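Novice: Before I ask anything, let me first share the structure, which is written out below as structure tokens.
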Amino acid sequence: MDGDNQSENSQFLLLGISESPEQQQILFWMFLSMYLVTVLGNVLIILAISSDSHLHTPMYFFLANLSFTDLFFVTNTIPKMLVNFQSQNKAISYAGCLTQLYFLVSLVTLDNLILAVMAYDRYVAICCPLHYVTAMSPGLCVLLLSLCWGLSVLYGLLLTFLLTRVTFCGPREIHYLFCDMYILLWLACSNTHIIHTALIATGCFIFLTLLGFMTTSYVRIVRTILQMPSASKKYKTFSTCASHLGVVSLFYGTLAMVYLQPLHTYSMKDSVATVMYAVLTPMMNPFIYSLRNKDMHGAPGRVLWRPFQRP
């Protein structure tokens, strides 16, 4: 069966990272808790930014979209994971697996692009403050976000289309949490050299280019901060970047743990690293921004308690 006639009835088995019923119950409650915390945290960030006029700035516009992306990202994978923990039927259809993979690739790429745009926003705000209003106009912000969405959608479609050219035969058992590109290539019985080369080439180009852009931006930001005469001003300026820098470090650190390795060395032990980038990073982002950013201090809490306040 080739990529053209993978039947709609074909399916994969998402066996997860443990087949022990006791461990699956523990994993169920752990992932359910993490999912609820992630949803609550990111929804509160979005509501706080949309309801507070003081936060209607380019930086928080992109932060709200980053939270939306993280919310969509965990919803793409965790609900199916939770169902599998509680069910004997762990099957996922071929189309369902490709759909999950498409959104996974697109949303990881979108996260990366938004983080790069946020780095540019901080660079303009700190290194070119007199031009900030014109350089980060509302129209340009919408255009940049549209480009981020467009590129991520196209990249997801490209890799998903290439995967439809791959043949799967024999046991389609995925000892993993969700349909991941590396795992599916690992299960393939046809030649995956072309798609693997395309995955490495495009992935390195996109992610390393944007990482290089962010690194260059922060080098210039740090240089500008060091030239400031006042220590208090240096601290205040750097604190506006600390949250973003923390999120970037967490995002790239966990992503590198999973994907910066040859395909033949990829094994199920990488599930721990996958949990970190697929679940822990979206969960931690709201806390990082809320705790490290002065403008966001208490903002999610105010949204949460607003219905209980007297008019």
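Keep in mind that glycine also has a Cβ here, set from the backbone N, Cα and C atoms.
Marked as disulfide bond by Swiss-Prot: C97-C189. Marked as N-linked glycosylation site by Swiss-Prot: N5. Per Swiss-Prot, topological domain 'Extracellular' is recorded for 1-25, 80-100, 159-196, 261-271, and the stated evidence type is sequence analysis. The topological domain 'Cytoplasmic' annotation in Swiss-Prot covers 50-57, 121-140, 221-237, 292-311. Annotation comment: Swiss-Prot describes 26-49, 58-79, 101-120, 141-158, 197-220, 238-260, 272-291 as transmembrane segment, evidence class sequence analysis.
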Novice: Considering every residue in the topological domain 'Extracellular' (261-271), what is the mean pLDDT value?
Specialist: 57
Novice: Using a 10 Å radius around each Cβ and all protein chains in view, which of these disulfide-bonded residues has the most neighbours: C97, C189?
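Specialist: The largest 10 Å Cβ neighbour count belongs to C97.
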Novice: Let me know the DSSP-derived helix, strand or coil state of C189 (disulfide bond), please.
Specialist: coil
Novice: Other than its close neighbours in sequence, what residues sit by the transmembrane segment (272-291), given a CB gap under 8 Å and a spacing of at least six beyond its ends?
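Specialist: Contacts with the transmembrane segment (272-291): 31, 34-35, 37-38, 41-42, 44-45, 63, 66-67, 70-71, 73-74, 77-78, 176-178, 180, 243, 246-247, 250-251, 254-255, 257-258, 297, 299-300.
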Novice: With contact taken as 3 or more Cβ pairs under 8 angstroms (pairs 6 or more apart in sequence), are the transmembrane segment (197-220) and the transmembrane segment (58-79) in contact?
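Specialist: No, the transmembrane segment (197-220) does not contact the transmembrane segment (58-79).
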Novice: Which sequence-distant residues neighbour the topological domain 'Cytoplasmic' (121-140)? Criterion: at least 6 residues beyond either end, Cβ under 8 Å.
Specialist: 58-59, 62, 217-218, 220-221, 224-225, 237, 240-241, 244
Novice: Under the DSSP assignment, what numbers of helix, strand and coil residues are found in the topological domain 'Extracellular' (80-100)?
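Specialist: The breakdown for the topological domain 'Extracellular' (80-100) reads 14 helix, 3 strand, 4 coil.
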Novice: Give the residue counts of the topological domain 'Cytoplasmic' (50-57) per reduced DSSP state, in the order helix, strand, coil.
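Specialist: Within the topological domain 'Cytoplasmic' (50-57) the tally stands at 5 helix, 0 strand, 3 coil.
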Novice: Could you tell me how many residues in the topological domain 'Extracellular' (159-196) are helical, how many are strand and how many are coil under DSSP?
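Specialist: Going through the topological domain 'Extracellular' (159-196) residue by residue, I get 16 helix, 4 strand, 18 coil.
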